[in-house]
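Following: one structure in structure tokens, then a few remarks.
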Amino acid sequence: EENGHQNKRLKSNADEEDAEDQNKKSPKRKIVLLMAYSGKGYHGMQRNVGSSQFKTIEDDLVSALVQSGCIPENHGEDMKKMSFQRCARTDKGVSAAGQIVSLKVRLIDDILEKINNHLPSHIRILGLKRVTGGFNSKNKCDARTYSYMLPTFAFAHKDHDVQEELYRLDTETLERVNKLLACYKGTHNFHNFTSQKGPRDPSAKRYIMEMYCGEPFVRENMEFAVIKVKGQSFMMHQIRKMIGLVIAIVKGYAAESIMERSWGEEKVDVPKAPGLGLVLEKVHFEKYNRRFGNDGLHEPLEWTEEEEKIAVFKEQYIYPTIINTEREEKSMANWLNTLPIHDFNSSAVEMQTNNKNSKKSGDLEGSDGCGDDSD
């Protein structure tokens with residue numbers, strides 16, 4: 001028995017020495033990882049160190065990096081030590097097919113295989129590239145492309161009684177959806193499409209390059225369509241609210257003029273579509289690629305070789321999750337029932353005037369004028 005213990009001790013010492021040798025042989029290098037994940041059941045991408053209550057994608061990623069020997073354990077607790085940066089901070093329940101993170105790791109043998117061995121199957125590292133020492137995936141990113149998969153009955157007019165499974169989107173409605181989505185192109189003030197940003201906050205101005213809805217397709221007897229949007233950067237909930245407003249207009253709850261109004265200074269009630277169908281498709285590094293992509297030392301950050309793996313991952317994990325969750329939990333159907341609650345007609349100015357009038361009629365002096373701030 002004693003010999004057994006001794007052998008075990010010797011073996012663990014040998015393992016540690018092997019790991020140390022490996023570490024000496026593997027200097028730390030700045031890399032990017034191409035990630036795909038299904039976000040259902042997670043509280044978004046970004047890790048909240050010290051909060052185990054809300055699980056995030058990065059919790060699982062960091063754990064896999066430590067277990068595979070790419071980073072020392074203390075780097076998991078202080079992510080600055082490995083210069084960690086995610087390209088996009090996806091929200092709760094949102095998936096990704098082409099997320100990029102940059103970090104410093106030890107370039108161990110079979111690195112991708114080892115990291116993936118310690119990850120659940122619905123999170124995969126699909127590619128790795130070396131980058132410049134000062135590379136930061138968030139700051140160097142020129143644009144991000146998202147997709148949003150939704151059942152097409154979301155566009156059925158509110159006055160029509162539709163059976164969700166039988167509904168099929170007609171060409172005319174699809175054309176109208178695309179006409180409205182195209183209105184978002186260019187630079188607009190999107191303060192109404194996120195929380196905690198005022199109309200005069202310069203960071204509320206965002207540039208949208210393209211936005212359109214593709215041809216519908218049927219999956220498991222239900223018709224779906226995918227909206228694509230490419231923009232420089234997006235604020236929290238912005239895409240879901242952009243889509244939510246178009247749905248409200250097409251369904252007949254809001255007038256088309258609400259779009260122009262929403263980019264103005266007044267507060268407009270913009271509904272937020274469910275998070276389920278949102279997927280980070282691709283991140284773009286055009287400026288970086290022009291400067292470093294062909295310098296002989298670095299590769300351009302393009303993933304043509306990984307495209308097939310990305311497509312397979314989406315078919316296996318992302319689309320089935322969206323379809324099954326929609327069928328079981330009816331997230332879009334339930335959300336559509338909340339649209340009549342929104343007040344699309346009265347502007348914040350009118351609300352404020354009404355508040356003041358009601359206060360005057362009640363002979364109340366000294367209003368603080370904050371009536372329009374309630375969300």
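Cβ from N, Cα, C; glycine included.
According to TrEMBL, the compositional bias 'Basic residues' annotation covers 1-11.
Feature annotation from TrEMBL assigns region 'Disordered' to 1-26 (among others).
Around ASP91 (active site, nucleophile), taking its Cβ as the centre, 18 other Cβ atoms fall within 10 Å, counting all chains. Residues or ranges marked as active site, nucleophile in TrEMBL: ASP91.
Contacts of TYR146 (substrate binding site) defined by a Cβ separation under 8 A and a same-chain sequence distance of 6+ are given as LYS228, VAL229, LYS230, PHE234, ILE239, LEU278, VAL279, LEU280, GLU281, in order along the sequence. Under the heading substrate binding site, TrEMBL lists TYR146.
For 184-286, the entry in TrEMBL reads domain 'Pseudouridine synthase I TruA alpha/beta'.
Annotation source TrEMBL lists region 'Disordered' at 353-375 (among others).
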Helix, strand and coil totals (DSSP H, G, I; E, B; other) for the domain 'Pseudouridine synthase I TruA alpha/beta' (184-286): 25 helix, 33 strand, 45 coil
